[in-house]
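**Q** Feature table excerpt (Swiss-Prot):
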- His439: active site, proton acceptor (ACT_SITE)
- Ser14, Tyr99, Arg319: glutathione binding site (BINDING)
- Ser14, Gly15, Glu34, Thr41, Cys42, Lys50, Ala115, Asp303, Thr311, His439: FAD binding site (BINDING)
- Ala175, Ile178, Glu181, Arg198, Arg204, Gly262, Glu309, Val342: NADP(+) binding site (BINDING)
- Cys42-Cys47: disulfide bond (DISULFID)
Amino acid sequence: MTKHYDYIAIGGGSGGIASINRAAMYGQKCALIEAKELGGTCVNVGCVPKKVMWHAAQIREAIHMYGPDYGFDTTINKFNWETLIASRTAYIDRIHTSYENVLGKNNVDVIKGFARFVDAKTLEVNGETITADHILIATGGRPSHPDIPGVEYGIDSDGFFALPALPERVAVVGAGYIAVELAGVINGLGAKTHLFVRKHAPLRSFDPMISETLVEVMNAEGPQLHTNAIPKAVVKNTDGSLTLELEDGRSETVDCLIWAIGREPANDNINLEAAGVKTNEKGYIVVDKYQNTNIEGIYAVGDNTGAVELTPVAVAAGRRLSERLFNNKPDEHLDYSNIPTVVFSHPPIGTVGLTEPQAREQYGDDQVKVYKSSFTAMYTAVTTHRQPCRMKLVCVGSEEKIVGIHGIGFGMDEMLQGFAVALKMGATKKDFDNTVAIHPTAAEEFVTMR
């Protein structure tokens, strides 16, 4: 007997869970289909375990780089990788349990398996047929790999979280935030780390101040940066080590190589053709601002649409979709402009709005006013490992409306959220000037710039 639902989500990641729970709250009969652990990339091989590892790297840096100058005897003989991984796993298990409890409370049927479209209203899962009035595709994405000889000897970001031990020498290939974060974590935990980027610097899409400062810190503290580095091949040596060969003849031998060159949509195994759902040339599902596909009753949110690939974006889009479909809000949709972003690098980065070059291109040089601040983070200022903290406000027009906020330095990851609200509300430089600073903090620089 075919089972029918009001709403089905294919994919138990951030977007699917958020949307299906919101729909269930409005009395819809819902099902969630997921073949792996709940939580998708973010919880299992992304944001959550990455942040745990970032904290671990911070602790090691505090002990070895900063502790002695604060007067602490920091002689430590051992770092236990297994203990760290066990603690991380236990934390993720608690998140899985939380998801299961909420879905159960909302009477959502969780179906373990892979879904494939039979037609626009019908899915096949584990040999059984189910139908729905509304179907959400939230299958997410997966790491990309280069097409070069020996690519199989490397791992990707998923594989990093399965490492049984910390390698002594690691190469990370990629210039985006995932590559920067992984390289920073591995370097912070004490491995000899190399970061290979195709052009002159990592994070080239960020404001130049961010990229330039990050390169400055990397040159001082690691990881070792290799620019204009285009991989040609990977060779596995007799001792188990790997040699990454570059097109220009350079090479580096390491114990572990991590591909972090980008991600691609995971849409290819659900038989989209049977439903008639359109994808673009890169395989991303084409949606409008309401998350509608070209087929009525089929929607998509998250990384498989090619939108901003961040967990809160998928969550927000999924919830707004359910509000529109099931709570009588016909115009509800996510505004994809001015989405704040944090990179958990060393030091962390926060950014929202337009970069300085983007603002100058959009508004013209004569309409743009930029305010900057550069100082040494207090946390490091009393030590021999001093680290820069740099901030920038990008303003436009006679009223100096703030259209971009950018920073790199200690605490930037936690301070950006509130400033993003201000930018989203249309704050001006005068609004910031009229806000009394909190002292002594790094955040006060944003309201005291001249």
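Glycine is treated like the rest: Cβ placed from N, Cα and C.
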**Q** In the structure shown, with every protein chain counted, which of the binding-site residues Ser14, Thr311 has the densest set of Cβ atoms within 10 angstroms of its Cβ?
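**A** Selected residue: Ser14.
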**Q** Using the Cβ center of Ser14, Tyr99, Arg319 as the glutathione site position, which other residues in that chain lie within 8 Å, going by their Cβ?
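**A** Same chain, not in Ser14, Tyr99, Arg319, Cβ within 8 Å: Gly13, Gly15, Gly16, Ile17, Ala18, Ser19, Asn21, Ala314, Val315, Gly318.
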**Q** In the structure shown, with every protein chain counted, which of the recorded positions Arg319, His439 has the densest set of Cβ atoms within 10 angstroms of its Cβ?
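**A** Top count of Cβ atoms within 10 Å goes to Arg319.
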**Q** For Val342 (NADP(+) binding site), name the DSSP secondary structure in the helix/strand/coil scheme.
**A** strand
**Q** In DSSP terms, helix, strand or coil for Glu309 (NADP(+) binding site)?
**A** coil
**Q** Cβ-Cβ under 8 Å from Val342 (NADP(+) binding site), same chain, 6 or more residues apart: which ones?
**A** Pro348, Ile349, Gly350, Thr351, Met412, Asp413, Leu416
**Q** To the nearest whole angstrom, what is the C-alpha distance linking the residue listed as 'active site, proton acceptor' and Glu181 (NADP(+) binding site)?
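**A** The residue listed as 'active site, proton acceptor' and Glu181 (NADP(+) binding site) have their Cα atoms 29 Å apart.
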**Q** If you count the C-beta atoms lying within 10 Å of each candidate's C-beta, which of the recorded positions Cys42, Cys47, Ala115, Ala175, Ile178 ends up with the smallest number?
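**A** Sparsest of the recorded positions Cys42, Cys47, Ala115, Ala175, Ile178 by Cβ contacts within 10 Å: Cys47.
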**Q** Within a 10 Å radius around the Cβ, which one of these binding-site residues has the most neighbouring Cβ atoms: Glu34, Glu309?
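**A** In terms of Cβ crowding, the pick is Glu34.
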**Q** How big is the gap, in Å, between the Cα of Tyr99 (glutathione binding site) and that of Glu34 (FAD binding site), rounded to a whole number?
**A** 13
**Q** Cβ-Cβ under 8 Å from Arg204 (NADP(+) binding site), same chain, 6 or more residues apart: which ones?
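**A** Once residues fewer than 6 apart are set aside, Arg204 (NADP(+) binding site) is near Ala175, Ser211.
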